[in-house]
Structures are given as structure tokens and as C-alpha cells.
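Participant: TrEMBL lists these features:
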DOMAIN    4-183  domain 'Formyl transferase N-terminal'
BINDING   SER114, LEU115, LEU116, PRO117  (6S)-5,6,7,8-tetrahydrofolate binding site
DOMAIN    213-313  domain 'Formyl transferase C-terminal'
Amino acid sequence: MQAKRVIFIGTSEFGIPSIERLSQMEEVELVCVVTQPDRPVGRKQVLQAPPVKEWVQNYLPNIPIEQPEKITLAAKELLERYKPDCIIVASYGQFIPTSILEVPEFKCLNIHASLLPDLRGAVPMPMAIWKGYKQTGTTIQIMEEGMDQGSIIGSKVVTIDERETTATLTEKLSEISGVLLEEVLPLWFQGKIVPKKQDDSEATYCYQKDIAKPHVQINWDLSAKEIDCMIRALVPWPIAWIEITENQTNNKKFWGKRLKVFEASLREDESNHTVGEFYNSGDSLCVQTGNGALELVSIQLEGKKRMSGKDYLFLIT
């Protein structure tokens, strides 16, 4: 079988294992990688390349890289220049226009980090952890106009570990996605896969706004287990937080300051403290929730460096 001309479109680290697999497949001629433009980051606004661009430049220096500001405006030129038989999209950050979707013979395929139709949308990995799922997965779907509603050509299930964070789950699913792509793509090119239509009645959705900073303030009235899931879901970004009150310290100079929580653990011991109250238990910083208690293992007080719960106890006394 003659190798098919493939364009990869993606931005974040999530897509890197898939690019690597594509570059090694006999059935694929990787003709171009499309990613977002370099953007200024940090306080000094230093221009930074997307992770995908950096990786391709280092490991596949002969592959052309395109960085259109808006892919909708660059679609025609990209298709004419590279004449793809198939396009693979993973964690790109822009909507792919309809002018691209139907052109390649073997379609535009999207790698989505959930078991569709569950968790359609922008943030499936954090929401799987936040909702307390025991497992999730990755899906390769044929892209359509609607959000993540295309027919499925392959999927793989992964277990969500007890202490899983979005950071660790992203790494796990990115690797599995590359494996799935390598398994599915040759069969797809040979016409040996019948796409499976999604059942829209079973669809659930997740949006970027669900993990926006205003929505990630911890509510201590929830159970310890629910709060722990939330904290792990929001690592590495945007990080769950609280506003310190008299329940967390008697030292008034800290009241009103924001405290980020990077890591917590469930406590088995019972406490008689009020909900939201911080307390010292064997030099561990603990907090009573609506059901059960948590130890706050790693935190960051506004204006301070990240610290342990024990260091916080020392600081506020």
C-alpha cells in the first residue's frame, strides 16, 4: 500500500506521542505539522513556541511546520500545498473549518481524551477526575461540524488511579492515544473499519469555563472525597483555592488572602471541628469538610512560595 499523505494539527504536549508514531509508520507520509503561533508568556512576555513545534524542530527537523493565526483563513492554501489524504487533529485549540473537514479522502480524524459520547468538549481529562470516574479513555472520531459528535473508528480504556491528577492522566492518555492511532490508521486506510455512530442521547459535555478560576474555589461543605477529586483534577492548572478566614487562622493579617491547594489526602481519623476549620493533627495541616477530613499536603499562600502544610502551621502561629 502506498503511504498516505498526512497532516498533523495540534499544539500541546498531548499530541507529541501521536506525531512520533505517525513519523514511524510505513503507511504514513507525514507531510506537515500545523500548530498555533508562538505566543508571549510570563511576566516578561517572552515569545514561546508551542510544545508541538519545539518537539518537531528537535526530532523531525525535515517536517514543515505551519503556524497560521487563524486556520480558517489558511485552510485553502494548506490543502493546495500539501494535498493530504488524511488529517489528524489532537488538542489544537482552534475549530477546524468545514472547508477542511470533507476534503481528504480518509477524512479529518480527531483524537479525543474521553470515551465518547461521554465528556464531549474542551476539558475531558480534568472533568473525569473531578467527577470521580474510575476509568476513562481515548477515542478517535471522524470530525464533523458539531462538537465531538463524529462517528468513532477506535477507542481505548485506561484506569484512573487513586491519586491521579490531570497532569499524570494527560501523560497516560497521550501515550495510549499514540498506540491507538498506530493500531487504527492502517486498518482505516485499508477500508477495514466500519465507523460507529455515537448515541447522542448518552452524550455529556464539559467546557473550558467549568475549570475557570472563579469556579474552582473549594466549598468545604462538600465531602472530603469530592474535594480531593476536585483538587487532583485542577493540577497542573488552574489549582483549587480558598480565601482564608478566621476558620483557617486567628492571625488577622492572613484573612482575605488566597490559598492554593496543590495536594491533599483523605484522613481516616474523626474530628469534632467545624466545617472549614483548619487544625493541627500530629504536625499535619488538616481541615474538616462536610463529610470527613482532609490533610492539606502541599499549598501556596498568596505572595509566598509553595510550601507543606506543616510549614503553613509554623507560618501562621
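Including glycine, each Cβ sits where the backbone N, Cα and C put it.
Quick one: how deep are these features, and who are their neighbours?
Facilitator: Across the domain 'Formyl transferase N-terminal' (4-183), mean pLDDT in this model comes to 97.
Within 10 Å of the C-beta atom of PRO117 ((6S)-5,6,7,8-tetrahydrofolate binding site) sit 20 other C-beta atoms, taking all shown protein chains into account.
Residue counts for the domain 'Formyl transferase C-terminal' (213-313) under DSSP, helix first, then strand, then coil, are 21 helix, 38 strand, 42 coil.
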Participant: Go through SER114, LEU115, LEU116, our binding-site residues, and report the one whose Cβ sees the most other Cβ atoms within 10 Å.
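Facilitator: When each Cβ's neighbours within 10 Å are tallied, LEU116 tops the list.
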